[in-house]
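Engineer: For reference, TrEMBL lists these features for the protein:
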type	residues	note
DOMAIN	3-104	domain 'Phosphomannose isomerase type I catalytic'
BINDING	His95, Glu104, His162	Zn(2+) binding site
ACT_SITE	Arg182	active site
DOMAIN	225-301	domain 'Mannose-6-phosphate isomerase cupin'
Amino acid sequence: MKTQPIFKDYLWGGTNLSKKYGKANGGFLAESWELSCLEKAPVKIANGEFKGQFLKDVIEKNKSLIMGKNGENEKEFPLLFKFLDANKDLSVQVHPEGENGKTEMWYIVDAKEGAKIGFGFVRDVTKDEVEKAAKDGTLQDIIKYYDVKKGDCFFIRGGSVHCLCAGLIVAEIQQSSDTTYRLYDYNRRDKDGNLRELHLDKALEVAKLGVYEKAYCNAENLDECTVAECEYFKVVKHTVHGEKCFDTEEKTFNAVMFLEGDGFIEYDGGKKEKFSAGDTFLIPACLKNYKISGDCDILRCMLP
């Protein structure tokens with residue numbers, strides 16, 4: 001099932017997703033929500049017998065067939081998939097942890113020279129110190145920044161203070177939550193001229209303070225690499241040259257984000273669906289065997 005993305009327009013976005021993937025008909029956007037069953041932003045199915053229907057409704061009616069054995073106890077579809085255009089710096093932020101939290105992973109699709117991410121702190125800090133720095137505009141001085149390049153992958157556990165900086169296109173896979181607490185936003189104003197809201201009290205309640213162990217790998221030149229694995233999801237990056245076969249084993253859906261290239265998904269005895277870079281497909285667990293043919297880079301996500 002190919003998904004029909006929902007576009008989100010935030011002040012830090014740009015036209016890079018439009019240029020690379022043809023999103024938003026060449027327009028300005030910050031995020032392309034590729035696969036979402038959140039009540040406030042449910043995607044529709046773009047092909048096949050369920051075309052035009054909300055994905056969440058189709059899953060509710062066919063839960064065991066789509067989710068598989070590993071997802072039989074999930075009340076709702078548990079994950080959210082996005083492409084992001086960080087044309088400008090995103091806020092320094094944190095998400096809560098746990099079943100209703102937001103643990104996520106980033107795959108750097110493209111990075112301009114000098115692009116960075118922020119992750120954790122340069123040293124041990126206190127809540128009072130972080131609060132003061134957020135209020136007086138010096139928070140960036142105590143955030144740990146890392147240079148990044150195409151193919152870099154980062155695992156961001158809930159409770160981790162982090163930020164994407166300007167010059168990045170990112171594929172993001174996360175728990176199905178849109179809860180974000182901003183610590184600092186560079187004193188930017190929204191379209192109505194108001195300072196963007198911060199959430200210092202809530203952020204400091206959930207933030208882990210100190211130096212983080214960097215959960216990182218680079219998968220740019222690897223044909224197959226597990227880039228993130230936790231209790232919520234497992235993500236494998238594949239490079240396909242020609243064709244590659246996969247098997248859901250009826251255990252879990254496979255959600256596939258196509259990062260580069262084009263080709264076909266072949267399934268069910270010869271049926272085909274064409275894909276292009278920037279597309280996202282949800283492969284039901286009941287499909288079992290499928291094949292991707294072409295030359296492409298993909299992220300394949302499963303329930304553990």
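Just so you know, glycine gets a Cβ as well, placed from its N, Cα and C.
Curation does not apply to TrEMBL; its annotations are automatic.
Distances, neighbours, how buried they are, the whole picture for these features please.
Structural biologist: Confidence for the domain 'Phosphomannose isomerase type I catalytic' (3-104), expressed as mean pLDDT, is 96.
Its own atom aside, the Cβ of His95 (Zn(2+) binding site) has 25 Cβ atoms within 10 angstroms in the protein chains shown.
Of all Cβ atoms in the shown protein chains, 19 besides its own fall within 10 Å of the Cβ of Arg182 (active site).
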Engineer: For the recorded Zn(2+) site, enumerate neighbouring residues of the same chain (Cβ within 8 Å of the Cβ centroid of His95, Glu104, His162, site residues themselves excluded), in sequence order.
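Structural biologist: In sequence order, the nearby non-listed residues are Gln93, Val94, Lys102, Thr103, Ile156, Arg157, Gly158, Ser160, Gln174, Thr180.
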Engineer: Non-local Cβ contacts of Glu104 (Zn(2+) binding site) (under 8 Å, 6 or more apart, same chain)?
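Structural biologist: Listed in sequence order: His95, Ile156, Glu172, Ile173, Gln174, Gln175.
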